[in-house]
Amino acid sequence: MDEHAPSRRLQIIRAALQRYRTHTVSGTTLRDVAQAAGLPLGNLYYYVRSRDDLVLEVLDECERELQQFLARLAPLTPLKWLSAYFDWLLSDPDQATALGCPFGTLPGELRALGHPAADRAAQIVRQYRDAVSKQTQAAGIPTEVFMAVQGTYTVARILNDPALFKQEIQRIRDAALPGSSRDNAGETRRAGMSTCQNCEEPPLHTEASAM
């Protein structure tokens, strides 16, 4: 058995996730993924049986990213959780605009394609939505934050306008958390979160997206 198989499999999955987020699922072939992962196409089939299987593996990785993201915020009180969440959203408007929501864009595309993995993908969005809604409810603020953020991702990406994304997310933040610091990076660091949206460890916008 190849002792490097687990790391190579993860390499392939992350290459596919990045490719989906930049070129969509429908616009990505297994050859594209193999090239992005630095592997011959024939070697790819040792780890992945089909395009649909690869999509499922990518969704598992997306869910893992989400769970790590939420775990890093878990120690915070609801208000600090939300403040750190907005810090993360604002950490890289260019990436957010280019790739979309790392936990929403790929599921949206799969639903539009009628892909058999669409329901599996929707579970990830529900987990993300429920996590944000739980914190907004606990903080006693409007629960529309999640939908407002998703709408901002969509419009900013369509218009290719990072400044609009930043402006609207800040507006949502100010409405939800009046008086909160606009620069709360300290809370983000104390939560162990990276502000990088395209790094190896989640949370990231690597990916998005195609999420």
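Each Cβ is built from the backbone N, Cα and C atoms, and glycine gets one as well.
Features reported for this protein in TrEMBL:
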DOMAIN    6-66  domain 'HTH tetR-type'
DNA_BIND  29-48  DNA-binding region
REGION    176-211  region 'Disordered'
**OP:** Averaged across the domain 'HTH tetR-type' (6-66), what pLDDT does the model get? Just tell me the whole number, please.
**Re:** 93
Subject >> Same-chain residue ranges lying at least 6 outside the DNA-binding region (29-48) that approach it to Cβ under 8 Å >> reply: 2, 5, 8-9, 11-12, 15-16, 18-19, 23, 54, 57
Subject >> Helix, strand and coil counts within the DNA-binding region (29-48) (DSSP) >> reply: 15 helix, 0 strand, 5 coil
